[in-house]
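Colleague: According to Swiss-Prot, the active site, nucleophile annotation covers SER178. Taken from Swiss-Prot, the feature FMN binding site applies to ALA65, GLY66, LEU67, ASP68, LYS69, THR89, ASN142, ASN175, LYS220, THR248, GLY271, GLY300, TYR321, THR322. Annotation source Swiss-Prot lists substrate binding site at LYS69, ASN114, ARG115, MET116, GLY117, PHE118, ASN175, ASN180, ASN249, THR250, citing sequence analysis.
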Amino acid sequence: MFSSLYPLARASLFKMDAEDAHHLTLRMLGAAGRTGLACALSPRVPDAPRTVMGLSFRNPVGLAAGLDKDGAAIDGFAALGFGFIEVGTVTPRAQPGNPRPRLFRLPEADAIINRMGFNNSGVDQFVKNVQAARYRGVLGLNIGKNADTPIERAADDYLYCLERVYPFASYVTINISSPNTKNLRQLQGAGELDALLAALKDKQRRLADLHGKLVPLALKIAPDLDDEQVKEIAATLLRHDIEGVIATNTTLSREAVKGLPHADEAGGLSGRPVFDASNAVIRKLRAELGDAVPIIGVGGIFSGEDARAKLAAGAALVQLYTGFIYRGPALVAECVKAIARG
């Protein structure tokens, strides 16, 4: 029923300010998840099991981080048929993010520009929300650094968050690719990334001993990388035995949206315009990584065929964000069914 009603709901939501609509949707999904209403109204999504990073996924179509930064609507999103849920990005301390307005729709391009800036309630509240959720499927927890933490001390924030979220995560995503936190993408540089992953891997081993379980780490990277940068990142992932990589985050490019309203707004562009760039990075990663490190493909998925294209490029799993906002819950089932057909 959600699927059939969504076009009407979207028409109303798209008349609202984009961020206000986002918060309203989160509140509604949070309430629906708590009451069980979401399950009653949700589309039937077939199982299409996958095992990736040593984890068992009900199906290979997940929710990308960013839609639920505080983990406040996990049960509501889970009821929509996603095979896994990723929430965050969370930082050690609560922060407001960048000034509003900071979220813009580009409906002519099926795109969104955001410069949210890791707005979140902090890792302590985040963990409380995660613990309160009833969902027991695969849950990814996405971590970042506070805006006022010097880039030279970024590892401290990631290590702190990793320790706090580790007991509650199926996997942990290291987000170093948001364009909306000053200098964050510097951490994708060879030396910076090597040092960060070495520290995180050491922390992961110690936490695994403490908690009696190894929680996989996944690195989320940008689409705005040249071939040499992708090769360096792949080599660093292999060197440190990182369990997964998510490709990709939003792009700074505006080539595909030139002349459209809001196209010149600062921030990361997501949606259809990032589809090809994301697929190109996935193909390059697969060529460098082989089967050693699984790839989660995200960026511009608006149909089942788009999801299949991500897998054909080399992804093992996919995630939805902007396509989900434009298409609604029906997109989840469509993608799962298309992938299951092979």
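Cβ coordinates come from backbone N, Cα and C, glycine included.
Because the structure is a prediction, the values reported are computed rather than measured.
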Colleague: For LYS69 (FMN binding site), write down the residues of its own chain that are at least 6 apart in sequence and whose Cβ falls under 8 Å from its Cβ; none is a fine answer.
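Modeller: When sequence neighbours closer than 6 are ignored, LYS69 (FMN binding site) has VAL87, GLY88, THR89, VAL90, MET116, PHE118, ASN119, ASN120 within Cβ distance under 8 Å.
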Colleague: For the substrate site made of LYS69, ASN114, ARG115, MET116, GLY117, PHE118, ASN175, ASN180, ASN249, THR250, how many Å separate the two farthest Cα atoms?
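Modeller: Pairwise Cα check on LYS69, ASN114, ARG115, MET116, GLY117, PHE118, ASN175, ASN180, ASN249, THR250 gives a maximum of 16 Å.
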Colleague: Of the recorded positions listed here (GLY117, SER178, ASN249), which is spatially closest to TYR321 (FMN binding site) when Cα positions are compared?
Modeller: ASN249
Colleague: Rounded to a whole angstrom, what is the C-alpha distance between GLY117 (substrate binding site) and ALA65 (FMN binding site)?
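Modeller: That separation, Cα to Cα, works out to 13 Å.
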Colleague: How many other Cβ atoms sit within 10 Å of the Cβ of GLY271 (FMN binding site)?
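Modeller: Within a 10 Å radius of the Cβ of GLY271 (FMN binding site) lie 27 other Cβ atoms.
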Colleague: Between ASN142 (FMN binding site) and SER178 (active site, nucleophile), how far is it from one CA atom to the other, in Å?
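Modeller: Counting only the Cα atoms, the answer is 12 Å.
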Colleague: Do you see any of the recorded positions ARG115, SER178, ASN249 whose C-alpha is within 10 Å of LEU67 (FMN binding site), and which ones?
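Modeller: Within 10 Å Cα-Cα: none.
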Colleague: Between the Cα atoms of LYS220 (FMN binding site) and SER178 (active site, nucleophile), what distance do you get, rounded to the nearest Å?
Modeller: 9
Colleague: What is the biggest Cα to Cα gap, in Å, among ALA65, GLY66, LEU67, ASP68, LYS69, THR89, ASN142, ASN175, LYS220, THR248, GLY271, GLY300, TYR321, THR322, the residues listed as binding FMN?
Modeller: 20
Colleague: Using DSSP and collapsing to three states, where does ASN142 (FMN binding site) fall: helix, strand or coil?
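Modeller: Reduced to three states, the DSSP call for ASN142 (FMN binding site) is strand.
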